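Engineer: Below is a structure I'd like to ask you about.
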Amino acid sequence: MKFLDQAKVYIRAGDGGAGAVSFRREKFIEFGGPDGGDGGRGGDVWIEAVEGLNTLIDYRYQQHFKAKPGIHGMGRNRTGAKGDDVVLKVPVGTQVYEEDNETLICDLTEVGQRFLLLKGGNGGFGNQHFKSSTNQAPRRANPGLPGEELWIWLRLKLIADAGLIGLPNAGKSTFLATVTAAKPKIADYPFTTLHPNLGVVRIDAREFVLADIPGLIEGAHMGVGIGDRFLGHVERTGVLLHLISAREEDVAATYKTVRRELKAYGHGLSEKPEVVALSQIDLLDEEERREKLAALKKAARRAALPLSSATGEGVQDVLRALMRVVQAAREEERAAETANERWQKQADS
């Protein structure tokens with residue numbers, strides 16, 4: 001199985017151009033002296049976060065990126081042109097790691113954010129630099145320096161306002177397809193969702209981004225099943241929608257399994273605000289519905305919302321509950337930004 005949220009890429013900056021060995025040749029000047037120009041610098045390697053990309057799939061097909069070398073120096077003290085840069089365009093939320101996949105190089109969280117990964121090699125000196133009192137006509141010049149090279153890992157963590165979590169087949173993809181324009185792959189077997197799907201939810205003239213995170217199983221934080229890679233996707237969401245399927249025999253145990261995985265993974269996931277819903281509720285009769293909602297309320301220590309993506313029951317209530325948390329987080333963020341700007345103005349004055 002291949003995933004689109006991680007890719008290993010080779011990058012190389014351009015070599016510097018060589019300096020020129022050249023002598024001034026003009027009429028009536030017999031010994032013109034050296035006039036070899038310097039070589040141009042090699043191209044750099046940049047990475048930039050751009051709009052319109054949601055996955056790293058492009059880096060499955062092209063994994064080697066090399067900037068152009070600098071142009072060699074020329075006579076008449078002309079410096080060679082700098083080599084063309086290479087810019088890796090990635091989705092917002094991409095993190096760049098060194099080859100060990102642990103050392104973070106940069107984290108791109110905004111559209112237009114750029115980071116210089118590798119600098120091109122310096123150009124070599126032309127022979128004009130080697131003229132001295134004892135050597136008026138030097139026939140040597142420096143070669144350009146080689147460009148840097150590196151293997152890097154690109155890792156994408158989705159930046160979504162809310163994340164859908166739950167065991168496989170809890171009805172997450174069906175819910176996402178119901179409330180957004182996203183078209184996730186849906187089938188009745190575990191791990192249908194092999195990479196996260198994003199959708200935009202509109203409710204009461206407001207909107208937020210919802211991510212369908214692939215199904216967790218017991219031991220996911222240690223890489224079991226699809227692995228802990230996907231727990232990383234929910235790190236940046238402001239609120240979690242925890243779906244428990246009404247088809248589960250023991251809904252309380254199912255709820256606790258996912259909570260254990262969130263706690264074991266760490267990174268504050270278990271402290272995030274959570275909305276709990278019993279999905280696929282249309283499969284239950286009235287008595288089963290009451291029993292399972294009560295058991296879930298006891299396990300979660302909060303009321304669980306009934307939900308059916310098939311009939312539409314409870315969908316609006318769940319979305320409004322999520323929107324309230326998302327809106328509160330946005331207002332808190334805006335207030336913090338305003339306070340920061342005010343403090344900055346006072347510091348500058």
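Note: Cβ is positioned from N, Cα and C throughout, glycine not excepted.
Copying in the features that Swiss-Prot gives for the protein in this structure:
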- 166-173, 191-195, 212-215, 279-282, 308-310: GTP binding site (BINDING)
- SER173, THR193: Mg(2+) binding site (BINDING)
- 1-159: domain 'Obg' (DOMAIN)
- 160-327: domain 'OBG-type G' (DOMAIN)
Engineer: What average pLDDT is reported by the model for the domain 'OBG-type G' (160-327)?
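Structural biologist: Reported value for the domain 'OBG-type G' (160-327) is a mean pLDDT of 79.
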Engineer: Measure the Cβ-based neighbour count of GLN280 (GTP binding site), defined as the other Cβ atoms within 10 Å of its Cβ.
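Structural biologist: The answer is 21 other Cβ atoms.
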Engineer: Quick one: give me the count of other CB atoms within 10 A of the CB of SER308 (GTP binding site).
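Structural biologist: So the number of other Cβ atoms within 10 Å of SER308 (GTP binding site) is 22.
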Engineer: State the count of C-beta atoms found within 10 angstroms of the C-beta of LYS172 (GTP binding site), not counting that atom itself.
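Structural biologist: Its Cβ has 31 other Cβ atoms within 10 Å.
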Engineer: Hey, how far is SER308 (GTP binding site) from SER173 (Mg(2+) binding site), Cα to Cα, in Å?
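Structural biologist: Per the Cα atoms, SER308 (GTP binding site) and SER173 (Mg(2+) binding site) stand 12 Å apart.
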Engineer: Measuring Cα to Cα, tell me the gap between GLN280 (GTP binding site) and SER173 (Mg(2+) binding site) in whole angstrom.
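Structural biologist: Cα to Cα, GLN280 (GTP binding site) and SER173 (Mg(2+) binding site) are separated by 12 Å.
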Engineer: Would you count the other CB atoms within 10 A of the CB of ASN169 (GTP binding site), including those on all shown protein chains?
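Structural biologist: ASN169 (GTP binding site) is surrounded by 22 other Cβ atoms within 10 Å.
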Engineer: Can you check which residue among the binding-site residues GLY166, SER173 has the largest number of Cβ atoms within 10 Å of its own?
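Structural biologist: Sorting the candidates by Cβ neighbours within 10 Å, the top entry is GLY166.
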